[in-house]
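> Per TrEMBL, the features are:
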type	residues	note
DOMAIN	1-264	domain 'CN hydrolase'
ACT_SITE	Glu41	active site, proton acceptor
ACT_SITE	Lys110	active site, for glutaminase activity
ACT_SITE	Cys162	active site, nucleophile
BINDING	Ser191, Lys197	L-glutamine binding site
BINDING	Asn469, Glu498, Lys622	deamido-NAD(+) binding site
BINDING	Thr493	ATP binding site
Amino acid sequence: MRLAGAALNQTPIDWQNNLRNIQEAIQQAQDAQVELLCLPELCLTGYGCEDLFLHDWLSEAALGYLQQVRQWCTDPNMVVCVGLPVRLSGQTYNTACVIRNREVLGFAAKQFLANDGVHYEPRFFTSWRPGTTGTFSYQGEEYTIGDLVFEHLGVRFGFEICEDAWRPAADRPAGRLKPRGVQLIVNPSASHFAMSKTDVRYQLVLKGSRDYQVTYLYANLLGNEAGRITYDGEILIARNGQLIKRNQLLSFKNVDLEYADVDFSRETAVTQEITPLPTPDEYRELNQALSLALFDYLRKARSKGFVLSLSGGADSCMCAVGVAEMVRLGVQELGVEEFMRKAGNFSDDDIRVAVAQGQLPGAAPIEAAATSDAGTRVQAVSHPAEQVTGHERLTLNQQLTRRLLTCAYQGTVNSSDDTYLSAKEVAENVGAVFFSWDIDQEVKGYTHKIEQALGRELTWKTDDLTLQNIQARVRAPSIWMLANVQNCLLITTSNRSEAAVGYCTMDGDTAGSISPIAGVDKAFVKQWLVWAEAELGYPGLHRVNNLAPTAELRPLEDKQTDERDLMPYPLLNRIERLAFYERLSPQQVLERLGAEVDNVEAEQLKTYVQRFYQLWSRNQWKRERYAPSFHLDDYNLDPRSWLRFPILSGGFADELKAL
Ligand SMILES: Nc1ncnc2c1ncn2[C@@H]1O[C@H](COP(=O)(O)OP(=O)(O)OC[C@H]2O[C@@H]([n+]3cccc(C(=O)O)c3)[C@H](O)[C@@H]2O)[C@@H](O)[C@H]1O
Ligand SMILES: Nc1ncnc2c1ncn2[C@@H]1O[C@H](COP(=O)(O)OP(=O)(O)OP(=O)(O)O)[C@@H](O)[C@H]1O
Ligand SMILES: NC(=O)CC[C@H](N)C(=O)O
């Protein structure tokens, strides 16, 4: 039997997009003479409809659209499995509808709901009781729903819907399907991307096929579906512990269909030893996921591009490279024409000229908007697209990036030449429009106003945080204005480590509408940039890779660095992980750290642990206010997706005193 899985890039309640992708997958499958096609979990509505799954009308509408899908399933030799919600007597079930030759054979229902990390399924869905079935009517037709086994071309098959397969063996539907003569298990999934997670999924599918001696067909959703979570579109086909098919993950296409043939009439030996996957390259994985997430966000938000306050530090440089990589990887996979069309930001003329001549048409010089007489550092650096960076012409990818990314360095008297040059070099390297202006007048203006109101001078000795924060805040209005005027998304550069301890100024450097790297820790950001300079070929990163992270909010002679204000980033990251991923108590965190770290005094470690918990507790409100962020690592601190914590709390007072 020819089995296929199709990864689809869906969007919640974007019916036309979702139907188009489903139709395209069915058409491709028919053309390839596929006999059984698995589409991802809830692909008709989108997986991320959230509380809409509790609305009667949504499931009604889905059943209505399903009638269209039926009409595309005209091949008597092909079964198509389509995911959609079914709402019966006020309960919503997460189902896969099996269609053959326009006939609905039944709705298999999910038995175990995902309720960890980014998944909140029990809020929306009711789990189906194993071993039971039911019926319901729609427009005069009666349908079967529940724990069903199907047969097609002599092959018996049943379902595990995503989380069903992640449960202990005693729960897994596979264990009950096997005695019912099932030879094939079909798994439509919506399994979020996280670095290295493909390995877990691979083991799950391979071991499932080995332990239950079945063929296993797995198809995941694809892309940044609804804003935060990205799906990697993994397709896996395995039999008796052996891999038959695995695709390239994180495609920029809307439909990624993969198929393979399995001869069910022939017995094959069961492989006990699962061949391991090569260790996933997390830097590369992150790059692909971040790029795809940015691309989908951009086009689904129908935005014109991105604006970024580029400090030349690690976080903002990573965001700039992320946009450039979005262009490079998108063009590499889709080709220039399709990339430009899909991005939705280029005219027909742009596309025609880009395809024919390898450059964008007559980009007029973009005049520097900002000037200041306050020193040599402050000047506008802006290259017309068709001209040069350094002495070379911009490549087409740089020209495309230039259309999609505008950056601004916003210096103060506390900024260094190093960060300015770093920002400029990164912007030039990726091709972005780059402005530079200073904000000292604005800082002085606000400071003066408050000094007058209070009737006293503000000094670094007495008003340190206030004087830091006003600088970060004053950067927000102009960069927002630049985003508004160009109809662009303002990127905020927060990372997970600073979110953990609130090392940011609210309404200052947190200003923005999308926060691409807030799920990634700072130590990883720094390592990733070193990798990107060498492996992706961004020489513009050389300077930032030799800078110590600094906020540059205090006078330069203070030599402020993040790690001096806080603690070394690898330690901060470790404490955060032990405390909120492994869920240890402060005492346990300190003990584990003591056992792991030998170059830091015990008293110093205790101070770090105390500082971490105090800052963590005090700054929950800030985490509540971050712009929507991407989920990229195996956990994040976003209270709206992975980690909830009280805004007001006792702040671990007793626990920290007892350390
Ligand atoms: N529970 C709570 N709910 C609501 N609001 C709460 C609150 N607790 C304090 N607040 C309020 O929060 C305000 C203070 O917060 P906020 O003004 O954001 O600032 P704050 O947290 O006081 O200080 C910002 C920190 O971030 C660092 N920073 C800032 C900017 C950039 C960078 C960088 O790395 O580049 C670093 C800076 O060095 C400083 O250590 C106060 O007005 C306080 O009343
Ligand atoms: N001089 C600056 N020009 C433009 N934006 C700035 C400047 N200084 C800070 N910002 C903005 O504030 C953000 C927060 O600063 P932060 O220091 O946390 O990050 P970073 O400078 O990118 O990295 P690092 O902390 O490694 O130096 C920056 O990413 C940037 O968006
Ligand atoms: N949609 C789901 O059921 C996803 C659950 C599963 N734990 C995963 O992360 O892949």
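From the backbone N, Cα and C atoms, a Cβ is placed for every residue, glycine too.
In the displayed structure, how are the listed features positioned relative to their neighbours?
Counting only same-chain residues six or more apart in sequence, the Cβ atoms lying under 8 angstroms from the Cβ of Glu41 (active site, proton acceptor) belong to Tyr47, Gly83, Asn94, Ala96, Lys110, Ile161, Cys162, Pro188, Ser189, Ala190, Leu221.
The Cβ neighbour count for Lys110 (active site, for glutaminase activity), using a 10 Å radius and every protein chain shown, is 26.
Around the Cβ of Cys162 (active site, nucleophile), a 10 Å sphere holds 27 further Cβ atoms from the protein chains shown.
Sequence-distant contacts of Ser191 (L-glutamine binding site), defined by Cβ-Cβ distance under 8 angstroms and a gap of at least six in the same chain, are Cys162, Lys197, Arg201, Asn220, Leu221, Tyr231, Asp232, Glu234. In the three-state DSSP reading, Ser191 (L-glutamine binding site) counts as coil.
A 10 Å cutoff on Cβ-Cβ distances gives Glu498 (deamido-NAD(+) binding site) a total of 25 other Cβ atoms nearby, all chains included.
DSSP assigns Thr493 (ATP binding site) to coil in the three-state reduction, outside any helix or strand. Contacts of Thr493 (ATP binding site) defined by a Cβ separation under 8 A and a same-chain sequence distance of 6+ are given as Leu308, Ser309, Ser311, Asp315, Ser316, Met318, Cys319, Asp509, Gly512, Ser515, Ile517, in order along the sequence.
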> Measuring Cβ to any atom of ligand 1 with a strict under-6 Å cutoff, which of the binding-site residues Ser191, Lys197, Thr493 qualify?
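Cβ under 6 Å from ligand 1: none.
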> So which recorded positions out of Cys162, Ser191, Lys622 are up against ligand 3, CB under 6 A?
Cys162, Ser191
> How many neighbouring Cβ atoms, not counting its own, are there within 10 Å of the Cβ of Lys197 (L-glutamine binding site)?
17
> Enumerate same-chain residues with a sequence separation of six or more from Lys622 (deamido-NAD(+) binding site) and a Cβ-Cβ distance below 8 A; give 'none' if the list is empty.
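Looking at Cβ-Cβ distances below 8 Å from Lys622 (deamido-NAD(+) binding site), excluding near sequence neighbours, one finds Ala499, Gly502, Cys504, Met506, Thr510.
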> What's the longest C-alpha separation between any two of Asn469, Glu498, Lys622, the listed deamido-NAD(+)-binding residues, in angstrom?
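Roughly 15 Å, rounded to the nearest whole number.
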> Can you check how the pLDDT averages out over the domain 'CN hydrolase' (1-264)?
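Within the domain 'CN hydrolase' (1-264), the model's average pLDDT equals 98.
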> Give me the sequence-ordered set of same-chain residues, not including Asn469, Glu498, Lys622, with a C-beta within 8 angstroms of the centroid of the deamido-NAD(+) site's C-beta atoms.
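Neighbours found: Ala472, Gly502, Tyr503, Cys504, Thr505, Met506, Gly508, Asp509, Thr510, Asn619.
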> Once near-sequence residues are set aside, which residues in the chain of Asn469 (deamido-NAD(+) binding site), 6 or more away, have Cβ atoms under 8 Å from its Cβ?
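Within the chain, Asn469 (deamido-NAD(+) binding site) has Cβ neighbours under 8 Å at Thr505, Gly508, Leu553.
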> With H, G and I counted as helix, E and B as strand and the rest as coil, say where DSSP puts Asn469 (deamido-NAD(+) binding site).
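Where Asn469 (deamido-NAD(+) binding site) sits, the three-state DSSP reduction gives helix.
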